[in-house]
Amino acid sequence: MAEEEGPTIELRQRRKLKSSENKESAKEEKISDTLVPERTPKHVLFQRFAKIFIGCLAAVTSGMMYALYLSAYHERKFWFSNRQELEREITFQGVYELTHNNRTVSLKTINAVQQMSLYPELIASVLYQATGSNEVIEPVYFYIGIVFGLQGIYVTALFVTSWLMSGTWLAGMLTVAWFIINRVDTTRIEYSIPLRENWALPYFACQIAALTGYLKSNLNTYGERFCYLLMSASTYTFMMMWEYSHYLLFLQAISLFLLDSFSLEQSEKVHEVYKIYIFSLFLGYLLQFENSALLVSPLLSLVVALMFAKCLQMFVPHKENGHMLKFLEVKFGLNMTKNFTMNWLLCQESLQAPSQDFFLRLTQSSLLPFYVLVLIICFLSMMQVIFRRINGKSLKETITLEDGRIGGRPEIIYHVIHTILLGSLAMIIEGLKYLWTPYVCMLAAFGVCSPELWMTLFKWLRLRTVHPVLLALILSMAVPTIIGLSLWKEFFPRLMTELMELQEFYDPDTVELMTWIKRQAPVAAVFAGSPQLMGAIKLCTGWMVTSLPLYNDDDLLKRNENIYQIYSKRSAEDIYKILTSYKANYLIVEDAICNEVGTMRGCRVKDLLDIANGHVVCEEGDKLSYSKYGRFCHEVKINYSPYVNYFTRVYWNRSYFVYKINTVISFQS
């Protein structure tokens, strides 16, 4: 046994010595190249400069045009500039208040900046005051302008990433075209502007662009430093903007770990990225009011060490990851629960598997077929390179076009692994398609514009009738041009029609409710109702509420479930005790929830409450009711005892019924 270990150790030492010698020689060559640069002809320098200038101009123009398009589309869809401030707030659906106080949720002092992740709003408010914009533009327009500007940066970053991978800015143009055409599946900016992902994903796209450049083998020292600094800044900013960012970075870290295993030349760079993760996590922990979720995140566990993270979790309690694990267990059928909140989340459309319409839309824009083609070629080429390395076959350090080995480039390996991981999750949870589909646009555009990809395909087909290099160069220009012309012909008229068509936002019932609250309700009143409605009331009126649509706080989750009992089969006395325990003065019943007709079986709020409360038992498809009380939201509308003893109706319209919670209960027959 000892004799067998001897040669093995000696062989490892030789490999280690050989790799260190190679690194030293590479460094010496790099230094010598820096000291004695070769003269490049002026016309070559001019061509490079012109190519970079035109590409950068196209990237910036694409971003600006997309931001202007979003602004024009938003104005046409909501008539934003012609609306009263209250109606703007309803269509905006955001949160302005950046303080943490006891005027938001009754009986609870919260840190709104931390719990609602209001760091973007905090930064926007500082910029608003510092730039003197408060004398020129209204806050809501300033806020929207920043978000739309970030979406322009998002598109520009995708443009640059595809350009870096393919070597031609034509790929960037195709990426932007596919992104805009498939915007229903690439972004949620049209539906809700203040979503955290709308602030965070542009920075993540910048981080991916910087990482792509950083992983390239032929990058000079100054380029590496620039990419490293940009990657550090964007990683940290991304982590500050979105509370779930560390989960997405965890997937990226897995991709880099696999790249480190498959591509030995990039080990040092991958470890540098790990350092950026660790620095960003701990800096985010300090600046996010000691957010313990970052210290026990899977990202830190993977990067630092599993054992270290396990020890840390013993000292830093946090339940966010526990909630996530429970959700995944139920989602994948590994566990079952009657918990209302968990089942309600599982019933949300964004957490279901994607519909067939999603794949149909991607296919109609020709995006999905080209993405699958590019992914298959890159993946097979990557596996071919890996098997060659496993078998000990020597590979050229510098890959040329004639080699036809696109899967040997480190940045390609990373992107292939990352898109497979994101795609696998998007096939399970539809909400994650907004992370994956932009990646699809970028990767598909890179592939069809890359001569290396076509050369790899021709190498496998052993094409000899036509010179493969020439044909690869021709196809890398002809295919994207044909795709671009077909997209222009089919989709450009639709985009112009959308900008010309005036759409109307019509929700008079909600406007009337908010107006009544502002005019009739006492300033110290506390309102109770569904968390989504309470968030709108807090935004539009400033009145205190009993709950908010937040799902990262145990107390608020319990509050939400308790307040939702107004739609269950509970007695008037039970509901009264629940509401008064939170010091509520007014109750708002929504007709849309009370008389909800759900498309998914068992996913209506009242069905989930009945299951959680044990009021309905399902046996072989039959539902058996065990509650002796009627549904509260129905019974309270009839105005008979004992409901009128506890609640007095003070306002109603077609959608909302507002009841004052009596402080003095009079029991009448």
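Glycine is no exception: its Cβ is also placed from the backbone N, Cα and C atoms.
Just so you know, TrEMBL annotations never went through curation; they're auto-generated.
Summarising the annotation, TrEMBL assigns region 'Disordered' to 1-33. TrEMBL lists 18-32 with the feature compositional bias 'Basic and acidic residues'. The annotation transmembrane segment is assigned in TrEMBL to 52-73, 140-157, 163-181, 226-242, 276-309, 368-387, 412-429, 435-457, 469-488.
Contact between the transmembrane segment (276-309) and the transmembrane segment (226-242) is supported by 3 or more Cβ pairs under 8 Å, counting only residues 6 or more apart in sequence. The stretches the transmembrane segment (469-488) and the transmembrane segment (140-157) are not in mutual contact, being linked by fewer than three Cβ pairs under 8 Å (pairs 6 or more apart in sequence). Scored on C-beta pairs under 8 angstroms, the neighbour of the transmembrane segment (163-181) with the top count among 140-157, 368-387, 435-457 is 435-457.
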